[in-house]
Amino acid sequence: MLQRTLAKSISVTGVGLHSGERVALTLHPAPENSGISFRRTDLDGEMGEQIKLTPYLINDTRLSSTIVTDKGVRVGTIEHIMSALSAYGIDNALIELNAPEIPIMDGSSLPFIYLLQDAGVVDQKAQKRFLKILKPVEIKEAGKWVRFTPYDGFKVTLTIEFDHPVFNRSSPTFEIDFAGKSYIDEIARARTFGFMHEVEMMRAHNLGLGGNLNNAIVIDDTDVLNPEGLRYPDEFVRHKILDAIGDLYIVGHPIVGAFEGYKSGHAINNALLRAVLADETAYDRVEFADSDDLPDAFHELNIRTCG
């Protein structure tokens with residue numbers, strides 16, 4: 001299977017969920033083997049240089065996955081766009097933005113899916129590389145845990161736990177095996193969510209300044225405040241899977257393995273990536289030149305190109 005990038009550049013505008021700032025974002029094609037990079041067009045000189053994404057640049061995980069470079073350049077809330085890039089198997093892209101945060105759009109990854117559909121996807125000449133999990137790797141922190149296990153495909157299983165009546169109406173656990181299920185149908189529409197009682201605390205820390213009922217599910221003491229209700233009965237846990245897929249794609253390759261989590265979040269997801277990369281016996285970087293060898297979970301990627 002070959003690496004892929006966008007067929008053309010494409011732009012969108014929106015608002016940062018936490019910064020509240022208006023953002024203009026452009027996705028560009030990028031050369032093979034260049035990976036996913038970001039560039040702040042509102043910054044000059046070294047501060048405005050391209051940032052090649054790696055798990056080691058995720059240095060702020062308060063409510064999102066945020067790049068913080070050693071020069072202090074920030075690119076916040078990257079998990080939703082990374083989740084969409086993962087769904088389309090985009091290996092190489094440059095993402096330019098003129099503010100410190102990716103726009104939240106409607107709180108899901110679906111607007112970014114539409115953006116990628118409009119741009120189109122093309123194969124490149126180099127072979128796509130996958131990160132294959134070779135042995136179990138687990139992180140446990142304060143009653144939470146995440147783990148990778150070997151698996152011939154890509155499967156995600158997550159369980160959430162919130163002491164609130166709205167979460168008792170659906171299963172706290174969701175599992176999706178991408179060999180038989182579609183990311184776009186099952187995951188992409190799930191929106192981020194938050195609680196009314198947390199708004200004052202968040203805004204005191206300059207977080208959630210752009211949040212509203214158009215880009216998040218808002219929950220009061222008893223119910224969902226959004227008049228349209230939920231997009232899935234179990235939208236909350238599905239959104240956590242959307243986040244996890246984006247967090248995991250920060251490693252730069254599709255993952256051949258199973259990911260499981262209990263009360264997972266951005267910090268522990270990133271810690272798991274770092275733990276895997278720190279143990280050379282835990283993973284291998286593999287290629288599938290023959291499509292017959294490609295795990296079924298990735299076959300759908302073969303139909304999402306326009307060249």
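Cβ coordinates come from backbone N, Cα and C, glycine included.
Of the listed candidates (His80, His164, His299), Swiss-Prot assigns His80 to the same Zn(2+) site as His239, Asp243. Minimal Cβ crowding within 10 Å, among the recorded positions His80, His266, is found at His266. The binding-site residues in question are His239, Asp243, and the one with the fewest Cβ neighbours inside 10 Å is Asp243.
Distance between Cα atoms for Asp243 (Zn(2+) binding site) and His266 (active site, proton donor): 8 Å, as a whole number. Within 8 Å of the centroid defined by the CB atoms of His80, His239, Asp243, the record's Zn(2+) site, lie the Cβ atoms of Glu79, Ser83, Gly107, Ser108, Ser109, Ala190, Arg191, Thr192, Lys240, Ile241, Leu242, Gly246, excluding the listed residues themselves.
In this structure the C-alpha atoms belonging to His80 (Zn(2+) binding site) and His266 (active site, proton donor) are separated by 12 Å. Counting only the Cα atoms, the space from His266 (active site, proton donor) to His239 (Zn(2+) binding site) is about 12 angstrom.
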